[in-house]
Every structure is written in C-alpha cells, then in structure tokens.
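Residues or ranges marked as signal peptide in Swiss-Prot (evidence: sequence analysis): 1-20. The annotation disulfide bond is assigned in Swiss-Prot to Cys44-Cys59, Cys51-Cys68, Cys58-Cys86, Cys70-Cys84 on the grounds of similarity to another entry.
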Amino acid sequence: MMKVLVVVALLVTLISYSSSEGIDDLEADELLSLMANEQTRKECIPKHHECTSNKHGCCRGNFFKCKCQCTTVVTQDGEQTERCFCGTPPHHKAAELVVGFGKKIFG
C-alpha cells in the first residue's frame, strides 16, 4: 500500500510540474504576441502622413482605423503619379461628429 501511495504522489508531482511548465510556455507565447502587437502599433503610419508604399499600415483614429486615401498627381513633366496619405473618410468623420455631439449632450 505504501508503494502505491509513493507512486501516486510521484505521478501527481510530475503532472503538476509538467502542467506548470506548459502554462509558463503559454504565458511566454502570450507575452511575445503582445510585444509583437505593440511593435506593430508603433510602426503604423500616423494620420496625414504618406502611405503610398504601405496602404494597409495606417494607425487607428479616435473610433476608426484611418484609411489610405490616394490621388493622382501630375508633375511638371506631365507624368502621373499616385500619392497616398492616411486620413479619415467622410463617413467616418460624420460618425465621429455624431458620437462627439452625443457625448456632449448626454455627458
């Protein structure tokens, strides 16, 4: 009977140790994921800055993510080039205005 209790105690100890190692690995993976998200957030393109080379890299605004808005520019040489900047689309501006107005009225 004593041998069975020793074996059971040993198994419980091994299982708890291995599960705690797994939890530590999960916590480390979550930490790395959060650090990667923070790095991505730091690398986003601010509002009103050029996004021609990275059209999906605009930062978030107050409520919505800024969109890369492009226009065709004609240079003095007559060449047409596309220039893009991160901005807030008109329908997002209207929604932000309504929400801001609602916050002022209803506190």
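Cβ coordinates are placed from backbone N, Cα and C, and glycine is handled just like the others.
Sequence features annotated in Swiss-Prot and their locations in the structure.
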residue : record         : Cβ within 10 Å
Cys44   : disulfide bond : 17
Cys51   : disulfide bond : 22
Cys58   : disulfide bond : 23
Cys59   : disulfide bond : 15
Cys68   : disulfide bond : 17
Cys70   : disulfide bond : 13
Cys84   : disulfide bond : 19
Cys86   : disulfide bond : 23
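Among the disulfide-bonded residues Cys58, Cys70, Cys84, the ones whose Cα sits within 10 Å of the Cα of Cys44 (disulfide bond) are Cys58. Secondary structure at Cys59 (disulfide bond), taken from DSSP and collapsed to helix, strand or coil, is coil.
The disulfide-bonded residues near Cys70 (disulfide bond), taking a 10 angstroms Cα-Cα threshold over the set Cys51, Cys58, Cys59, Cys86, are Cys51, Cys86.
Classification of Cys68 (disulfide bond) by DSSP places it within a strand.
With respect to their backbone Cα atoms, Cys86 (disulfide bond) and Cys68 (disulfide bond) stand 4 Å from each other. In this structure, the CA atom of Cys68 (disulfide bond) is 7 Å away from the CA atom of Cys58 (disulfide bond).
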